[in-house]
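Here's the structure we're looking at; comments come further down.
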Amino acid sequence: MAKYKRVLLKLSGESLMGEKQYGIDEKRLAEYAAQIKEIHEQGVQIGIVIGGGNIFRGLSGANKGFDRVKGDQMGMLATVINSLALSSALVAAGVKARVLTAVRMEPIGEFYSKWKAIECMENGEIVIMSAGTGNPFFTTDTGSSLRGIEIEADVMLKGTRVDGIYTADPEKDPTATKFHDITYDEVLKRGLKVMDLTATCMCKENNLPIVVFDMDTVGNLKKVITGEEIGTLVHN
């Protein structure tokens, strides 16, 4: 039985690359769609935010000479491409999905509002909220925090390539140990890179817990939803 009624699932753009160096891996996309469909069939209402790092990153663009605002807008468009791809994969898997955009771009997606997102979820659709916050200088992590708070999600599920939060980067430090749960205060005190500071503080102030888990292992999303203790829970 599902532990959560409504969730905000945050996926990184890089995760959609799968084994590729760039762009979207169709196999990975189909795997994600199948996992999302599985929890949707348990009656969970799902809002999704995807990054755009597999296509373009505004901050790295600024380092290469792009105007930061233009670069961030390019990054927003990258998230829309990823959102359309996931929406298409979900529909192909037999699930109703709708793309909402933080910037007006009909007919590519409908303009986002809290009320539209909640109405769609309550009608059994999966809602993919794209284009970040619609403003430059905000990451998609901040966008996902904002949307999670707005849609009154019970939890933010942050699907990553690692199986939780560690004392240090486990890919670089073999002595790093994993937290099973940790408070927001401890995350901030230790300077752990769960999300950027703005996103973390928003979740803390609005009491939105986060579960950081490995989305690339098939079946993990369902385990999180049913309350199995995988990943790391961040809470007040």
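Positions of Cβ are set from backbone N, Cα and C atoms, glycine also.
Note that the structure is predicted; figures quoted are calculated from it, not measured.
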Candidates Gly52, Gly124, Gly148, Gly159, the one Swiss-Prot lists with Asp72, Thr133, Gly134, Asn135, Pro136, Phe137, Phe138, Thr139, Thr140 as binding UMP:
Gly52
According to Swiss-Prot, which candidate in Thr160, Thr175 joins Lys10, Leu11, Ser12, Gly13, Gly53, Arg57, Tyr166, Asp169 at the ATP site:
Thr160
Candidate binding-site residues Asn135, Phe137, Thr139, pick with smallest Cα gap to Ser12 (ATP binding site):
Thr139
Given the UMP binding site residues Gly52, Asp72, Thr133, Gly134, Asn135, Pro136, Phe137, Phe138, Thr139, Thr140 in the record, what is the largest Cα to Cα distance, rounded to whole Å?
15
What's the CA to CA span in angstrom from Lys10 (ATP binding site) over to Gly52 (UMP binding site)?
12
Fewest other C-beta atoms within 10 angstroms of its own C-beta: which of the binding-site residues Ser12, Thr133, Asn135, Thr139, Thr160 fits that?
Asn135
